[in-house]
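A.B. asks: From TrEMBL, here are the annotated features:
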TRANSMEM  12-34  transmembrane segment
TRANSMEM  40-61  transmembrane segment
TRANSMEM  68-86  transmembrane segment
TRANSMEM  92-112  transmembrane segment
TRANSMEM  124-145  transmembrane segment
């Protein structure tokens, strides 16, 4: 059995009441929303560069696996029409090329939380957070392919060139 020493910050987070955790989750909804507004549009890509990945991974680091709930709330609020996505809002956003990346935020936050909890102070944490970051791209690239292939044939390399490589 492995004993894990918790930092003061981790002990504080674990001791929060349910109401405090909900408030912290909503704080990460706001942080993800604000970070979506810091954007650089690329002329060759429907996917802007934003600071959202930072907010998403941080939500997992702070809230552990429960950080995924903050990203689920972010998705729900955006689909309900609250203008918090980088390129619009509302249920029609499902037809946007960037919708898959937002779905990936949920998995990324969960994985960041899982690896932070499991590998608190090790090299595995670095690789786990890198995997969490990359997990945004799996649903993101798949959805981008679905949306763009509706208007014609697109190659795998084209999808990578507009939806992955510019962000690496």
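Cβ atoms are placed via backbone N, Cα and C, with glycine included.
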A.B. asks: Would the transmembrane segment (124-145) count as touching the transmembrane segment (40-61), if touching means at least three Cβ pairs under 8 Å and pairs must be 6 or more apart in sequence?
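C.D. replies: Yes, the stretches contact each other.
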A.B. asks: If we skip the immediate neighbours and take only residues 6+ beyond the ends of the transmembrane segment (68-86), which ones have a Cβ under 8 Å from one of its Cβ atoms?
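C.D. replies: Contacts of the transmembrane segment (68-86) (Cβ under 8 Å, skipping residues fewer than 6 from its ends): 24-26, 28-29, 32-33, 36-37, 39, 48, 50, 52, 56, 59-60, 93-94, 96, 98, 102-103, 105-110, 113.
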